[in-house]
Ligand code: ANZ
Ligand code: ZN
């Protein structure tokens, strides 16, 4: 018996595909289809999540190819970033070597998966050919006013004397030095993404093929709100300030104001600190702690009473405090504190003994919970207390709108729409990133590098033995002639946030070797990405930045109009999970064990006999020791097994649990399909009555598998393929009919298990490759079910059923019913008292 040998078959077909250059994306008269999976970070090895992600993309790509599309399915590497520098610091190697070695390993692991990728378009974002074009794009954006310089707050490690990324700040301390991190203001580059906030928000409504939850996350991130900007007059002018401008999104709660708070970096606070050593010390002190939102949220609320007061338009005065929780780069850098309705303000008021003043009570309950601040609900009606705009019973939103109108009428302030979205600070004080292509000249200021001098290459001769950015301490790299006046000048040593690299790679894939960032003709042909696939962890920043870049590229002439929304359809896949096996350590801490170390049926650790707890299906991670290496699976069963398994068991958007038994069952099934094909090839049964039924079942299979793939319900497609395999196995149809059905089965399986499908296709004499053979089409006539199943009731109880032609005449149904064995038994030779046929529904027999 010829056993299916995946290990021999898979490389054979991969070589054949390569030889025929099947997956090279070509511009021709066919309609195009661009499918893209979020490109990987070259961390070292591929994991099973990658396999699931790329298999999904490959199913779509191969399916579309069969449907007659010219498919673009590229792959690249998101290759800049911190881990390479960390590895260099740990091992003394070079980030570049580490990165390219990892890429080689991962490419080597990906190729055996048999993905239909156009490898001629591969690039890594750390290739100078790529980042040089990114620099060109940056310069065009600079000219268009889409990127600019502004002061921004960074995490500063005072011991290592270096800027830290947010993830390098752990519990407010530098990850290497352990020193308390300070906030420091530096001049940084920023992309003007907030200038497009309105459009980025509004266009979300047109992204019909995006998951609703992703659109919602983006909407919240952009965070549009209408509020009030209002001036509180200083009782006594101070340092040239007549008043303080505040911003609030809850003007409805103005009655509850009990203090004014300004940021430590507020101009008034700075002026006061210049004369007040205590305030200066306070400001320095609160600058400690990271810049992350989490750090700010967690930090204890602290304040300094300036002694100044403002006039409250509702009567009396309010004290002015400097507070650590007020940010300078949001709103106006000043607020009115409303302790009754804002938790931060309440914490602050408790600590410093400031009044808590209610502004409303609920409709059905006028007592209030004292311990928590509770903001008036926007959509629910409440009863207001002495509301400034005269509102009595109204929702929060109604009160907000009324108060803005009132404040405008009274000349106290003006309504203002505000977005939470800030401009995107892109400067990173790191080596392993794309150099920002500008030069600082004493005479000319900030001067863009000339385009003909791009790429500004990273120097190779750097070391990581001391903290900080090696570009800063490189002996010669910084020294250049000013591109404008030619005098000695200094290069910018900051590099770009790695999110920049991934914000336009999809456009670069359309012309990866162009001497400009893109080629408009190619971009016009291939854009948009028809199907984008990736993890939901990128739902916010990556997608938002890409949407911004697409707009910026249209504006700077690097993408054609109409590609502002670059991803037509988005699919976010679930994770691959696996149980974890845990025992308790001596301090009660969890100790994880590798699957091979435990006896799962006895629930013990093999070596020690300790009882294990099995944590059901959690995300795979090294620390939980529940990682399955896809390469082991491929070595054991072949790529087709891994591919089929990762998409078979659960809907693609859900998490999927990897089990060794499941993988083995898949391998067995695929071998069975191969055996079935061999049997069918040898069979010689003549054509017969069963042929028609098999033809119908084949049409059904085509229909349902196609729908499954089109609808991203790969698990349903797979389920149908199992069923159809059984049908074909049991069918008594003639050899010719079975061969035809088997070829269709191979075609329908090809997107998922391309190697096995190719093997069967060629065994059965299919023409060319299965992947390029036209996708089978179901004859609609065969999809119509022309029989019905009628239940037979005897004396009101269901006893049997009849399968009859849909258009069978009543007399025929009656005759068939009377011949039914159950009816014959019940009648025992007598005539029925009644025989009622409800056509298409039921047969009732009364005896
Ligand atoms: C009074 C008030 C009463 C506020 C209340 C909230 C609740 P969102 O909605 O996220 O945009 N705020 C304004 N500028 C700030 C700054 N620079 N630093 C820290 N907080 C600031 O947040 C807007 C609210 O955040 C504003 O509305 C203001 O507090 C605060 F029951 O004003 B609110
Ligand atoms: Zn100059």
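Placement of Cβ uses the backbone N, Cα and C atoms for every residue, glycine included.
Range 40-50 is the one annotated as motif ''HIGH' region', of 18-28, 29-39, 40-50 (source: TrEMBL). The feature motif ''KMSKS' region', as given by TrEMBL for the ranges 619-623, 624-628, 629-633, 634-638, sits at 619-623. Over the domain 'Aminoacyl-tRNA synthetase class Ia' (619-658) the predicted model carries a mean pLDDT of 88. Residues 6-7, 9-10, 45-52, 55-56, 58-59, 109, 112-114, 211, 571-581, 592-595, 664, 666-667, 669-670, 712-715, 718-719, 752-756 of the same chain sit 6 or more residues outside the domain 'Aminoacyl-tRNA synthetase class Ia' (619-658) yet have a Cβ under 8 Å from a Cβ within it.
Between the domain 'Leucyl-tRNA synthetase editing' (219-374) and the stretches 35-169, 422-577, 691-812, the greatest number of Cβ pairs separated by less than 8 Å involves 35-169. Here the domain 'Aminoacyl-tRNA synthetase class Ia' (619-658) is broken down by DSSP into helix, strand and coil counts: 21 helix, 3 strand, 16 coil.
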